[in-house]
Every structure is written in C-alpha cells, then in structure tokens.
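Peer 1: I am attaching a structure below and will ask some questions about it afterwards.
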Amino acid sequence: MNASVPFTNNTPLCYSINSPPFKYHPTIASAYFSAIFTTLGITSNLIAFVVLLKSFQRTHSRSRTFLIFLGGLVVTDTMGLLVTGSIVISFHVTHFNWRLLDPSCHFCNFMGMSMVFYGLCPLMLGAAMAMERFVGINHPFARSTSMPKRRTVSMVLMVWLIAGCIALLPLTGIGSYHMQMPGSWCFFNISSEGNNLAFSLLFSLVGLMSIAVSFLLNTVSVVTLIKVCCGQDRTQRRRDHEIEMMVQLILIMVIASICWCPLLVFIAQTVLSGGPLRIKYLLLWIRFATWNQILDPWVYILFRRAVLKRIYPRLEWSRGSIMTLYPSFSNTVRRFTRSSLGSTLGPDETGEAHESNVTPPSTLKPPPPSP
C-alpha cells in the first residue's frame with residue numbers, strides 16, 4: 001500500500017501524502033463492487049426521475065414545489081454517482097498511474113471537489129425541503145398558495161452554489177485535496193493542522209447542521225400536521241397530500257442521518273483528537289454514505305399514495321385522512337390537543353364554556369291542577 005515513488009520537493013501537493021503507483025489489493029477495493037454499486041444507484045435515480053416527471057404533470061400546483069426539490073435531489077444524486085463512479089471504476093479496471101495521467105493534480109482536485117459537492121448537496125437540499133414544508137404547514141397564509149416555480153428553482157440553484165463554493169475552498173488554500181488509499185479516489189486532507197483542520201470541521205459541521213435543521217423543522221411540521229388531522233377542524237382541512245410529502249421527507253431525513261452521520265462525526269472526531277487517520281474506517285464510512293444516493297430514490301418510488309393504496313386498499317385517500325385508519329390514535333391525539341387547549345384557558349373561560357352546554361332549569365311554576 002505504500003507509494004513506490006519517494007517524496008521529493010517537486011511532488012505535487014495532492015501526492016505529497018500518498019504517491020502512486022500503489023500495490024493493488026482486491027480485498028480492499030473491487031471493480032465489481034464499484035460497478036454494481038454505481039449501476040444500481042444510477043438506475044434507481046433514473047426510475048425515480050421518470051416517476052417524478054409523471055407526478056409533476058398530474059399533481060396540483062401546491063405539491064409541485066416539493067416535487068421540484070425532489071427533482072433537484074435526484075439530479076444531484078445521479079450526477080454524483082456518474083462522475084465519481086466512473087472514475088473509481090476506470091481505476092479498478094485499468095489500474096492507471098495517477099501521476100502519469102494527472103501530473104498537475106487537476107484531475108485529483110476535480111474528483112475531490114465532486115466528492116465534497118455531491119456529498120453536501122443532498123444534506124443541504126434536505127434542509128431546504130424541510131424549511132419549505134415548515135412554512136407551508138405551519139404558516140400557510142404567510143406565503144401564496146403555491147410558491148412560484150422560478151423561486152423554487154432559484155432555491156435549488158442557491159444550494160448548489162453554496163455547496164460549490166465550499167468545494168472550491170481547498171483550491172484557495174483553505175484545506176487541500178489529496179490522493180486517498182487505495183489510490184482510486186481523491187478527498188480533502190483530514191488533518192488537525194492549520195487550514196486542513198478548518199476545512200474538515202467546516203465540511204463536518206455544515207453536514208451535521210443540515211441534518212439538525214431538517215430534524216427540528218420536520219418534527220414541528222409533523223406535530224402541527226397531526227393536530228390538524230386529528231383536531232376538531234379535521235373535516236375542514238384534509239391534507240393527505242401534505243401527509244404524503246411529510247412521510248417522504250422524514251424518510252429522506254432518516255436515511256441521510258443514518259448514512260452520513262458516521263462519516264461526519266468520524267471526520268470531526270479525527271481532527272479534534274489529533275490522532276492519525278484510520279483509512280479502514282474512512283473507506284467504510286464513505287461507502288456507507290454512498291448508500292444515501294441509492295436509497296433516496298426508492299423513497300419517491302415506493303412511498304406514494306398510488307403505491308400505498310395498492311398495497312393497503314383500506315386507505316381511503318380520496319374521502320378521508322390517513323388518520324381515519326387508526327381511530328384510537330386519532331381519539332388520543334384529539335383528547336391531548338383538547339386538554340392542551342383547555343389548559344391555556346382561564347377558569348372563567350372554561351367555566352363559561354361548560355355552563356353554556358348545560359340547559360338551565362325552568363323558572364316557571366307548573367300550572368295548578370284542574371279541579
């Protein structure tokens with residue numbers, strides 16, 4: 001695994017830590033694994049993209065904003081798998097020498113930027129979708145009935161721009177991209193020294209903050225949606241389409257948290273502790289994070305009303321809410337919301353409401369009996 005080319009002053013920066021050519025170990029990296037992984041992810045995202053196009057044409061304008069965010073996420077995941085997967089597979093098939101192919105580190109820097117960009121984009125898009133759903137559910141009158149498509153597209157482009165600016169920082173001296181073992185990919189230098197420490201913490205904190213924002217906003221939105229569906233005004237506000245979107249958004253958040261948190265925490269822990277980088281764990285958590293791009297599209301493919309209605313025909317989507325399937329849960333939440341509303345009222349108000357429901361006794365005397 002050690003480099004056969006010794007380090008000299010003329011060695012480019014990206015090869016200063018690990019310099020190719022490397023001894024190839026098929027137990028560490030496999031061409032079959034990378035090819036199957038990439039093909040499965042691209043195929044899944046293409047299927048999801050077709051499903052989203054059909055849904056966008058048939059759905060009403062209120063749900064199109066969320067579908068545009070989902071489309072941006074699908075495009076990001078597809079391009080990420082296509083760009084990084086093609087480089088990794090090419091290396092495993094040809095075993096090319098990076099220093100001969102890329103003596104100036106341009107290709108290595110490009111792959112490192114791609115890893116950072118396509119890694120942060122799904123997490124930041126998840127936070128943007130959670131923010132859009134939070135506003136749409138908790139403050140429905142604070143905006144128009146449907147956010148203009150141009151504004152939604154601008155938000156997706158803004159997320160891509162922010163992630164792109166972060167990915168460009170190592171080229172300005174804040175951090176640096178380096179060849180990583182076993183020699184098939186490039187990533188930023190995870191180190192506790194100088195600018196490398198700053199960029200490592202920036203990448204980790206941006207990802208963790210995006211997940212935290214998604215968790216916080218989605219939790220508030222779910223609580224509000226349950227109160228709407230199970231409260232006294234449930235007959236006036238049927239929002240099955242919003243429940244569908246929230247289910248998809250929560251699953252996206254859960255998948256992102258499970259897949260990305262180990263890598264983000266590992267990076268932060270490594271640079272803050274000042275210990276050596278453990279390559280075995282880095283490879284493990286990188287592959288773990290890549291599962292996010294494969295599992296995300298199946299959320300849009302499987303967790304739709306049309307699919308769930310076929311699997312569970314008892315769901316009466318067109319006439320009632322999902323909560324009608326579980327009346328005991330609905331009654332429990334209704335009692336909880338009523339009790340919480342009652343606790344906010346004063347004793348005079350509750351007493352007045354109680355007395356209003358009681359018929360006062362009649363003050364008229366009964367007629368005397370006729371002789």
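Note: Cβ is positioned from N, Cα and C throughout, glycine not excepted.
Heads up, here are the entries from TrEMBL:
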TRANSMEM  31-53  transmembrane segment
DOMAIN    44-300  domain 'G-protein coupled receptors family 1 profile'
TRANSMEM  65-90  transmembrane segment
TRANSMEM  110-131  transmembrane segment
TRANSMEM  152-177  transmembrane segment
TRANSMEM  197-226  transmembrane segment
TRANSMEM  247-272  transmembrane segment
TRANSMEM  284-303  transmembrane segment
REGION    344-371  region 'Disordered'
Peer 1: Can you tell me which recorded stretch out of 31-53, 65-90, 110-131, 247-272 has the most Cβ pairs within less than 8 Å of the transmembrane segment (284-303)?
Peer 2: 247-272
Peer 1: Against the transmembrane segment (247-272), which of these stretches has the most C-beta pairs under 8 Å: 65-90, 110-131, 152-177?
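Peer 2: The stretch with the most contacts is 110-131.
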Peer 1: When you scan the chain for residues with a C-beta under 8 Å from the transmembrane segment (31-53), skipping those not six or more beyond its ends, what do you find?
Peer 2: 67, 70-71, 74-75, 77-78, 81-82, 85-86, 88-89, 92-93, 184, 287, 290, 293-294, 296-298, 300-301, 304
